Structures are given as structure tokens and as C-alpha cells.
């Protein structure tokens, strides 16, 4: 008896609200009255028998039947009739079917839903399953959506009693739950298409039925109505039944739609109407998750074992040309990011097999398309494609597919040569894009040479090729000239004989990078099996960056053993005097509790391996592990930088964890510790993680704050690499094994106080990174930039120079000397560091920004377009421009690629969209002015070259800065607008000074040229001492005689005579005369 009386559950009710209790009482009374009325009617009417026709079933449903009668009606409607009958099935659309479904949705479902849910496990043909079968048609789905829309409008209507709104909310929850259960399964599209085409009707009657299916499942109406209904239900506090509704989640709905498309293509219906699947796919691409839908279909139809990849090509072939192009490019992006980017330069053992597998998958796809190869050729040769920012593996795979047709690969070579030598392309395209197209040209030229060698020889004898090399050699960008020389030497080696091959005899072209580029002409990939694509990706080799030339280290002198040993006798009298015993603590925090069961003895220890650190970061449910991981990450990463390959193998995984980490426990200094971990990762592996963080900023699925943290980390890491900043974690990461014992160390220390200073700081004692670190650095650099201008203005305001006292100037000089001596010493920047910042920090950021400018607009059709739109957020854009300026400033004036960096950043600052975003936004305006300030600061000694190379851009910048200065009011001391106006004034003054200096030098050069005739005869020897006496005003021969030198080089390069010296004698003499006119010997 006790077991029978034992309660099944205990429910604790909260304190009743009088108002809600009154509403609930009225609702219950209303339902009870209606139930009394229905019961009276049902008792008076005789019990209805089983229906014999659909009309009888409709009338029975309208007469409010009991549960048993309802089950009888549902069983009758679920039976199939012969096809020639007037009502073969309830799933076939007809006027009678619409009435039956409408009564089921509006009357039966709200009243009997609870009873139907209870009988779901009773029998095979339960009431719920019979109801779902009767509604499992396009007509049933549309009826539910119409009912949802009507109830949503009633819920939004103003007024009405609270009880009615609660009743509407409960009905909405029931309908959303019904929709979730109704759409369960992957065979919906196949069944709906078979029902629509089951009868032998003409196309005029079948086409509207198919179009109704497309409208119901591809318009997005279902997701929007379900999400709106779910919000209303949760807002009224009755949302227990709709929690986690997958129909209201657009991503889950897209995945369900993708599974249905795959099921349709694998069924027999696909052979009859493939265009239907393509239409559904095209509708799904516009619902906001195009990349996710494409990836799901690609995985199921191509990468899965036993799949037929041609079906994916047939699916794409039914799309319009523009959507075919977008989807195919998205497929290339998927293969590159998920498989081929990990291979780096494709030098590993399994690289060729993986590239061949991707090529095989692409070959299957384009073979099922009528214009697939045309899209691949367009991807390779378009100015904004070719996988900019991706590794060479995806270009190798695409060229392996294109090379199957001779005409296509020859077209690629011709278009690549024309584009590679275009002057506007060389001047304005990002260097990352030019490198990608250079790789395409080299690989495709190798294929053409092996297939049609005569064709390549004819192309390299044409005038287009001559102009290409000439334009490359005349380029002002050092990197552009370097790529041009490599391509020229590599293609000449394919066609010309050994004694006539083009060779520039440059050291850079024979180094590792140059040899790798030249080796691309020998690359030959085939379309292989798809088995490597199903293997785990962790076995791929990490990419290996190019080695930069470093100065040779001096060998350390060996320790000679011939010297006599010096033995020093130490007294041990005071050895124990300096030992101070620890005081006994008053209380131990771990043992403060009297209850031994509450003492934690399983506290995690600090990780000592990168794999342990990754485990700690992944364990988001443990507070202690998250805190330990964040505190240990900066020192551990720096410590592992030069020891083994553990950090290299897990660097990208660790970076993605740090960027996407969320503060679930409100940890102290969370953002600062996370940023220090990312900085340590960049400092440890700059060649690998610099481009990776740049790619993450543009292509990662992260929030605005997380993207901003990536920019801050790149800027601070660049300054630390350049030696402008010193992190406390650098000394804390030193191995204790490299430190002498304290007593032995005292023998080598001159001052005893130095021992305490030399102790390594613990991570807990290190200062956190301030949240506005970049702003602080930018403000400091701005003050340093404006200080000389302010001093010069104050000096000019005191009167003429002749009236000034010498003591005043000497006092200023003494103050300046004190200021310079008090500043901390900055270590010199090696050339390797400058090239590192240019190639692995600046170039990826600028190149990917240029690629984002050409991305599709964010209209829900492309996630890439949506990510590109985030870049124009004022906070992100200002921080991005600040980061670029800091990287250029950190590289310094000694950077060899400073002209290229200056040109790229200058044009980016003057781009139309950047200036449009700066209108009315002081943050973006300040960032643009700060960018100009950094460029003027690092190019202070070469403003003459800047004005000569970027004359139009300099004048345009001056006009824009002048407009900004005139448009700002100023006047509020210490305000943001006043600071921006001061910065604009400083930039404007420096720009005008540079332009005036260039104009004066140009006029002086023109006057010198008009007085002398260097072309007729060399200048007298007496001109050389005069030029040497004025070294600061002497023009550089590379700026004055550049055109004569270019004519000489072009003549000798393309001369077909046996002796080019005699053939080009006139151009050689003109160049020598020009150089000799300025006192230079040639």
C-alpha cells in the first residue's frame, strides 16, 4: 500500500498572482462552459458511424466529434484509393482536400493536441501519426502557415483581454510543435514531387503544383513565421513546448533542405526532373547560408564514399550562369581552406596525392556542367580571383583540370600574359594578387610547353611578351620587378637554348623563393581518386614559409683548456646568516574549512605542453582550467617557440581557440590575457601566424570585438618584433636552466642589488595589457609628429631670427638633449625584421582588403559579402587603418620595400569608400590622417621620391586634408574635433613642405639641364667637385636618367643582333652622357 500511495512527483507552485489567477479562472470557466455545451450536443445527437466519403468525413469533422470518431475519420482519410477515383489521396491538392486540411489545422489540432501526444506510443497507427500523415503535403504546410500568420496578427493587435492572448500564444506553440514534427524526415521533396506529378496531367497543370512546392519551401516564409511565433510564445511565458524549434532556426532549416535535396537526387525522380532540385537549390542559396548549403551538398554528393560526383555537376548545371559561378567559386574556396591550405607550398609527401584528389573531384563536377570549364578559366584569369590569399595547391588542382583541354590551357596562358604585363595592373593590384597570377602563368606555361611547345614559343616571340617584361622592369615596386624577372627567366628557360636564355644575374632570383617559383613550370598534376579527401586532415604537413636571408653569426670562440684554474677559497661562516625562515601563516586558505569533504585536492596544475594548453582552452566548463590556460599561455607559447615542432603543429588550432574564446566566468583581465597569448603566438611564429591572423580577420566567422582584438594584436606584435616595445613576458618565458644558481651568480654580479632585479617575474605579477593600447601608441606617435611643428611655430612667433638671444636657443638645445637622453634606448631594427613586417604583416592585410572591396554585396546570397560589409564598420575600419600605419612605422625607413608599402597604403587611404566612410566620422578621419602621418614620418628622407612616384596621389591627399581642416570647427580645447584638426594641420604642413621641396629641386634640375648639353658631349671634369660640394642638392641618377637607362635595358634585352653592344650604341651613349652630366662615372 505504501508503494501505491507514494507520490510520482512533487511540484512546487510559486506564490499566486491575483491578476493571473483571475485570468486563469475566466479561461477555465470559458472552457468549461464550452465543454458543457459540446457535451450536451454530443449526448443529444446519436453517435456517428464511419464515414463512407470525403464529404461525410468533412461534415463529421465540423460537428465536433469525440476522440474515437476522430480516429475513425483519420483512418479513413489515410487510406489510398485508386488513381482513377475522384479522391485518390488527401495529399493530392483539390478543393475538398483544402477544406479537410483547414478543419484539421484550425479545429482538431488545438482541441485534441494533448490527447494526440499521449497516444503517440500506444500503437503503430496512433492518432498523432495518422494526423501527421493527413497533413504531410504542401496543402497541409500552407494551411499551417496561413493559420500561424493569422494568429500572429491577432497577437500583435492592440487591446484585447489577457486571457485571449494567452490562448493565442498556446495555439501558436501547438502549431510550431506540429510543424517541427510534420517536417521531420529527409524525403519531403521527393514525396511532394511524386504527388504533384502522379497524375497523367499535362505540363500546364503540373507546373503550378511544382511551383507551389518551391514557394512553400524556398521562400523563407516558413522560417520567418515560425521564428516570429516562437518569439511571441516565449514573450508570454508559455514557451516550454517550442524551446529549440529547428524550423525557426535558419541554419538548421537550410541543413534540412540540403538533406532533402540529396535524397531527391538519389531517388528515381531525379532522372525525370533534375531541374526541380536545381530550382530548390537556387532558392536555398538566397536564404542566408549559401556557403553552409553548398558545403553540405558537396560533402554528401562528392566527398562521401560511394557518391556520384556528377550529380553535383548536374545540380549546378540547372542554375543560372551567375549562380553557377558563385557556387563553383565557393567549392574552390572550400577545397582550399579545408584541404590544400595546410600543404603550404605542396612540398610534402602526400601533397601530390591530395592535389590530384581535389583535381579529380573538380573534374567530375565540371564534366556534369555545360560551362564549368569556362568558369574555371575565368577564375584563373580574372583580376580579382585565382585564389588570392590562398596557397598554391588550389591553383595547381584547377590547372590540372583545365589542362585536359588544349584550347582552355592556351587561353589561360594568353590572358595571363596580357594581364601580367598591364601597366595599370602592375601599379594598382595588390602584390598578393600579382603573386597568385604569376603562379598561374608559370604552371600553365609548363602545361602548354609539354602539350603544344610551338604555341608557347610563338607567344614568347610576340610583342605582347616583350612589352610585359619591359613594363615589369620599369615598375617602381621592387616586388613587382622581382616577380617579373623570375617569370622572364623561367619561361625563357622553357623555350630558348641555354646560351640565349634570359638571365638577369640577380642574387634574389637564385635564392630559395626564386627557385621555387621557377620550379612551378615543371609541376604536372593528374586527376586522381577521391580517397585522400576522406582521410583525416591532421596528417597533412604544416606549411613552411620561405627563409629570409639573415646575417651570418660570428662563431663563438672555443674555451681554451690551457689556462690555469683559479681556485677561490670561500668562508662558510656567514653562509647561513642570510637564510630567513618563513613565518608561520595565520591561516591556510585551502584548509580553512573544518569539513574535510569541502577541501579541493584536485586542482589542475599549470599546463607545460601546448597540447595540454589546448585541452584547457577547450574545457569551457572548468573555471580553474580556463583561468590557468589564460595566465600560462603567453609564457608557455614564448617558451616553446624555439624548441621542437610542437608549437608549429598546433599554432593555427591554438590561434583559433584564442580568437574565439568567450569570457564565461567574468575573469579578471580576460581580454588582456587573451591578447597577450595571441601576441606571443605571433612573436613565436611570425611567418606562419602573421598571414593567418590577417586571413582570420577577413574570413573568420567572428564578432566585431573579436576582429578588433585581432587587429590590436597584429599592431602590438609588429612593434615588439621591430624592437619598439618590450614585453614582460619575454623575460618571464626564459628557461630556468639558462640561469645560474643564485650563489654562483653572485660571483659574476658587480652589484648585489642587481640580483633582485634579475629575477624572472611570475605571470601573476605582470601588468595587464591596457584595452586601448593602439590608441595610446597612436597618440604618442602623433605628439612626436606634431612636436617639431609646434616648436617651429613657437619659434616663428617670437620674432625674426636676428633678434633672438643665443642663450634661448642653447637652453632649448639643452632641454632637447636632456629629453633625448632620458628616453629609453631602442634597439636597432635588422633588415630581416623590416622585410618580415612587410611580407607577412602588411601585404596580407592590404591584399585581402583589396579583395574584400570586390566581394559581392551582403544581400543574403553570400556570407563572404556579409563579412566584407563588416569591414566598413567605423570602429573596425579606423582600427584597421591604424594597424596598417603602425606596421609601416614599425618597419621603419630602412625597409627595402618601403616604396611599395608607401604606394599601397597611400592609395588605400585615398580610395573612394574609405573617404566616404570618413565623412562625418571623426574616428575614421583621425585614422586616415594618422596613416598619412606615419607615411610622412617614415618617408621624411625620401619625400622627393614620393612626390616623383606618387605625384597625383600627393596632390590629391593635400586637397583632401585641406578640406578636412577647413570643415572642422575646432575651438574646444581638449576635444576630439580639436585634436583631429591639429593632426590635419600637421599633415597639411608636412605635405606642403614636401611638395615645395620637390618643386624647388625640379626647377633647379631643369635649369641645370637647360644650361648644359649632356647629350652632345660629356660635362667637364670641373662639374664633379661642384656637385660634390653640394651633396644635399645633387640629383640622383636613378631619378634623372631613369628613362635613358630603361631605353638602354630594353634595347639590349630584346636585341636580336649577334653583338647587342653595337646594335644599341646610340642608347648606351645617351645614358652615359646623361650620367656624366651630373658627375657620375658609368
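Positions of Cβ are set from backbone N, Cα and C atoms, glycine also.
In TrEMBL, the region 'Disordered' annotation falls on 31-59 of the listed ranges 2-30, 31-59. Among the ranges 999-1035, 1036-1072, the stretch that TrEMBL annotates as region 'Disordered' is 999-1035. Residues belonging to the domain 'Telomere length regulation protein conserved' (607-718) score a mean pLDDT of 88 in the model. Secondary structure by DSSP for the domain 'Telomere length regulation protein conserved' (607-718): 84 helix, 0 strand, 28 coil.
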